[in-house]
Each structure stands twice: as C-alpha cells, then as structure tokens.
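Chemist: Have a look at the structure that comes next, please.
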Ligand code: DON
C-alpha cells in the first residue's frame, strides 16, 4: 500500500514547484483578493485517521460545496417531492448559466448549478426566517465536521450580494415560474450566506465523513441517501467539467468557486483539497490535478 502521508507531502511540493495556479474567481470581489499561490489537502480515512499537507489550517470560502449539505437538508425536509422542482441531470453548462432555465420552463437541471441550489435553499427555508434556516445549515455542517469553530464570513456574503446580478436574475426567473415559495431577496440572502461558510481542508474533510458510508462515521442521512448524494456529486458536482473530473479523478466530488473540492472515496475516505486558482470550468486547477494524482497513486476509483 502506498504511503498516504508521503504522497500528500509530494503533492503539496509539486503544487508549489509547478506554480501554475489558475485564476481566482473575479466576480465576487472578496474572492478576487485571495492569493492564488496556496495549496492544502486533508484526507480522513474510514479508520478515522486524518492525513494532511500544505495550508490545511487556513479557512477558505467553501461556496458551492455547501450545496451538498443544503441538498442533504432539503431532501430531509421535502423528500422526493424536491425532484418535482429540480432535476437530476448534468447541465453541460456553466454553473451560473441562465439560458437553459428559460428553455426548460424554470426547472433547473440539477441542485448543484446555481439555479438548482437557489431552489434547494428555498426548500430548506420553508416558511422560516433565514436566520433559522442558516442555523440549521451551520448546525449540520458543524455536527458533520465535529467542530464548533465553523462560521459564515459576513463580508464575503455582502460582497456577493452587491455583485450577484446573475443570481438575482436566476431567482427572479424561478419566481416567474412559481418555483420559489419565498421572495427572491429572502432566498438569495440565505443562499449567499451559506455559500460564505468558511472551513479549513481539515474541517471540510471531516465534514465529508458522513458521505463515506463506513462504520464509525457520523450518521446524518440514510445509506440510500448517501449513495444518491454521491451519485449527484459524480454526475453534476463539477458542472460542465463533471465528465472530465469523473474521467481523470474517478470518484464523486463537489467543487466551489473559492477553490475547494470535497471528494469521496466510497467506503474508504473523504478528501478536501483547496487551491484558489480555477480552471476554465470554475473548479480548482491545482486541486483537480492533485486529486487526479492522489486517486491514481492510491488506486482509488469507483470504477
Ligand atoms: O452563486 C455563486 O456564484 C457562488 N456563491 C457559488 C458558485 C460556485 O461556487 C461555483 N463553483 N465552482
């Protein structure tokens, strides 16, 4: 068996030597200011051990990775009814694309593109105040991670609210098709805040343990739901880069525009990687490269 700690150390060194970091997200001003030359990787194996290398103590904006947690909560609240409002197919389009929503009458393709995540956020809200829904989301994430030290960065949420024209357009379009039960402002306020949750890779890998499906891991959802969340991550977790990610990395993963990726080796491990520079799909460039090498060297694949 290859030594995991040695591999992680080598991946960290390689990221820094290579110095090809990709571009940080520019459409959220607070994220545009992050130094791209950072790299961290944490792996929790099914025996509960945490292995890591790089800047694993630095908290970053998890952004779309929270869509996995909000989907788990939305399915818990709405069950299969949720699928009447949002689909389960890859979109083949950018995460913030608007054109398909018009063509498909206000039903987003899947819960991980922005339009779909706005619908799942509305389902999590129900008829509650945003404060209550956000408390449930934070509670879920903290329980999953086993850490109380996970918070929302209000400055990032405000920064996205000020520049979130595309998301406002998506939310109003959903409302025009009666696919929101709350006002666009209320849903987006909640959405921008859960996207602005910050975690270290250590916390994120720990938070991913409930998706491993192994004994002694936190049991937050049923085994059937674990399989289904992983299926959504594999097919839709990297937007129009999902096929390439499945081909190169071979396991389910969910990316965020802050440069984080949560990836799951079913029954074996949860991996969190972070490097803020993005590839052309809006997914972490160095993070994807590191995951491709890690899964290859460890022999980790669902195929
Ligand atoms: O809504 C947005 O655009 C961001 N809050 C999240 C997008 C995101 O993370 C896309 N991921 N690669």
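Using N, Cα and C of the backbone, Cβ positions are placed for all residues, glycine too.
So TrEMBL lists these for the protein:
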- 64, 114, 160, 167, 191, 239, 257: substrate binding site (BINDING)
Chemist: Does residue 167 (substrate binding site) have same-chain partners at least 6 apart in sequence with Cβ under 8 Å from its own Cβ, and which are they?
Modeler: 96, 114, 118, 160, 188, 191, 192
Chemist: So which binding-site residues out of 114, 167, 191, 239 are up against ligand 1, CB under 6 A?
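Modeler: Passing the 6 Å Cβ check against ligand 1: 114, 167.
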Chemist: Please report the DSSP secondary structure of residue 167 (substrate binding site), reduced to three states.
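Modeler: Helix, per DSSP.
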Chemist: Using a 10 Å cut-off on CB atoms, tell me which of the binding-site residues 191, 239 is the least crowded.
Modeler: 239
Chemist: Sorted by position, what residues of the same chain at least six away from residue 257 (substrate binding site) have a C-beta under 8 A from it?
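Modeler: Residues satisfying the criterion: 25, 28, 31, 63, 64, 95, 278, 282.
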